[in-house]
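All remarks here apply to the structure that follows.
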Amino acid sequence: MKIGIIGAMEEEVTLLRDKIENRQTLTLGGCEIYTGQLNGTDVALLKSGIGKVAAALGATLLLEHCKPDVIINTGSAGGLASTLKVGDIVVSDEARYHDADVTAFGYEYGQLPGCPAGFKADDKLIAAAEYCIRELNLNAVRGLIVSGDAFINGSVGLAKIRHNFPNAVAVEMEATAIAHVCYNFKVPFVVVRAISDVADQQSHLNFDEFLAVAAKQSTLMVETLVQKLAHG
């Protein structure tokens, strides 16, 4: 099995990259892909860059060049569920765009023409992630993760997301684009991210302060999940 892992930022991939043995680097289209073994399991780790276009481009390059069997999207996210705090884990059961609107033509808010309203994560990957959460004794929430090309930092953007997606547990900038590409390629995916901030007016300050905490927690989760997927 080869496992694809995607993070947007240097801070989100550096701890995992340092653990990859026999590492080789491919630089293509503004993305970096690191291949090798993580605790004996073949992995391809992508640093995509921030935002939906960068994530979609990188995910496509990763799938085409490395042919992973599954995709794990890792990194940080803004918490929307009331029980979440910095360092907690969110696991996707679905991903949707929060900034797409073609409702004038009868589509659901967040749905693009020719696409489902949301992109469902793989049940087996979700179950494996939840097993790892129990093993690591982490606080986590599973649910809808929404994505858009905006850092949510205040009441207006937050209120709009809560209105359109009242069940969303987290918000970030890449996951749905990655899920969209995986859907088109028919490759199973799951989003496993750690909370770096609560999406409020102080979120930009919290993000800068707690990104390292989120990166450490998400790395722990991904490393454990890779082991679980490879060895059962």
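Positions of Cβ are set from backbone N, Cα and C atoms, glycine also.
Look at Swiss-Prot and you will find GLU12 tagged as active site, proton acceptor, backed by sequence analysis. The feature substrate binding site is assigned by Swiss-Prot to GLY78, ILE152, MET173, GLU174, with sequence analysis given as support. Marked as active site, proton donor by Swiss-Prot: ASP197.
Cα of GLU174 (substrate binding site) to Cα of GLU12 (active site, proton acceptor): a span of 13 Å. Classification of GLY78 (substrate binding site) by DSSP places it within a strand. Apart from GLY78, ILE152, MET173, GLU174, the residues listed for substrate, the same chain places the Cβ atoms of ALA77, SER147, GLY148, ALA150, PHE151, VAL171, GLU172 within 8 Å of the centroid of those Cβ atoms.
In terms of C-alpha distance, the listed recorded positions GLU12, GLY78, ILE152, MET173 place GLY78 closest to ASP197 (active site, proton donor).
On its own chain, the residue listed as 'active site, proton acceptor' has LYS47, THR74, GLY75, SER76, ALA214, ALA215, SER218 as residues at least 6 apart in sequence with a Cβ closer than 8 Å to its own Cβ. Look at ASP197 (active site, proton donor): DSSP puts it in a strand. The recorded positions examined here are GLU174, ASP197; by Cβ neighbour count within 10 Å, the least packed of them is ASP197.
Largest Cα to Cα distance within the recorded substrate binders GLY78, ILE152, MET173, GLU174: about 13 Å as a whole number.
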